[in-house]
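Taken verbatim from TrEMBL:
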type	residues	note
ACT_SITE	Asp30	active site, nucleophile
ACT_SITE	Asp32	active site, proton donor
BINDING	Asp30, Asp32, Asp266	Mg(2+) binding site
Amino acid sequence: MGDGLTVLDQKTQDSSKRAMDKITNVYIWDMDETLILLKSLLNGTYAEAFSGSKDGQKGVELGKMWENHILKICDESFFYEQIENYNKPFLDALNQYDDGRELSDYDFNQDEFSSPYDDLNIKKLAYRHRAIANKYKKGLQNIFDRETLSFWDELYNMTDVYTDRWLSSARAFLEQCSSGKEGSTSSLASANGIIDSTDAKFQHINVLVTSGALIPSLVKCLLFRLDDWIAHENVYSSWEVGKPQCFQWIKERFANPNVRFCVIGDGWEECEAAQTMQWPFVKIDLRPGSSHRFPGLSLRTVGYYFSVVYGKDDTEHDEE
């Protein structure tokens with residue numbers, strides 16, 4: 001009996017040690033003009049990068065379709081019309097006000113949620129955040145009927161063709177980052193967004209920090225098919241607090257000597273915030289022919305940026 005306990009204790013200690021020794025890569029993503037294309041379709045800058053070979057008007061039309069339907073879904077399915085003026089940097093920001101009430105029979109249209117922004121209304125807002133988190137976890141198939149899902153598939157595919165597979169390539173790369181292997185198609189995010197690599201030495205976390213409002217950003221994650229790789233608790237809105245503050249929260253949340261951060265985006269704000277944190281920054285470039293766009297960006301390239309800041313590790317980001 002004693003020997004059995006000793007062996008069990010030893011296995012537990014070994015498992016704990018492996019977990020502590022594991023290197024965690026946290027990829028901090030911008031959204032627009034990085035993982036998705038929307039603003040550059042609407043204002044024509046995506047088409048302009050192709051010096052006349054892209055139909056700019058078609059890009060604008062696609063962008064307007066996305067924009068109009070995203071806002072409609074936000075209002076109809078994600079309470080945005082009610083809570084637009086109460087943007088929070090992440091869904092869990094009001095957890096302390098949520099008493100855990102069962103929401104299956106809760107009538108959000110009759111609970112008289114409004115300003116002033118007192119404790120009672122904060123609790124009602126927290127309920128809405130929890131309901132949004134549950135919808136996000138369940139996915140689009142539990143929100144829309146088959147006809148609506150078919151419409152979104154068609155719009156996604158049309159946009160993907162117009163952008164030379166930017167959307168599907170960015171999603172595939174997000175998946176590769178999740179596993180640390182080129183061409184991976186098997187890893188899925190756990191409930192907390194942490195993904196163990198097939199290499200026992202690493203685990204990977206995708207975090208989104210967007211300058212857009214929180215609820216539309218979550219809806220974009222769903223519609224652009226990013227929700228398998230970015231958990232709802234890993235979506236941050238810097239709309240009011242700024243990206244430096246979001247980066248600081250992320251650093252504190254994943255504080256560990258074995259955690260490595262890398263920021264990937266196209267804007268000056270995330271670039272400056274990454275420099276302040278002394279994290280590597282990969283700048284996305286819309287121009288065709290660039291290796292820092294989609295398709296184009298590779299794990300080998302991102303691995304180079306990791307190595308510049310954290311030192312080279314030959315076992316990570318090897319091309320298959």
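Glycine is no exception: its Cβ is also placed from the backbone N, Cα and C atoms.
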Determine the most Cβ-crowded residue among the recorded positions Asp30, Asp32, Asp266, using a 10 Å radius around each Cβ and all protein chains in the structure.
Asp30
Between Asp32 (active site, proton donor) and Asp266 (Mg(2+) binding site), what C-alpha distance do you get in Å?
8
Between the residue listed as 'active site, nucleophile' and Asp266 (Mg(2+) binding site), what C-alpha distance do you get in Å?
7
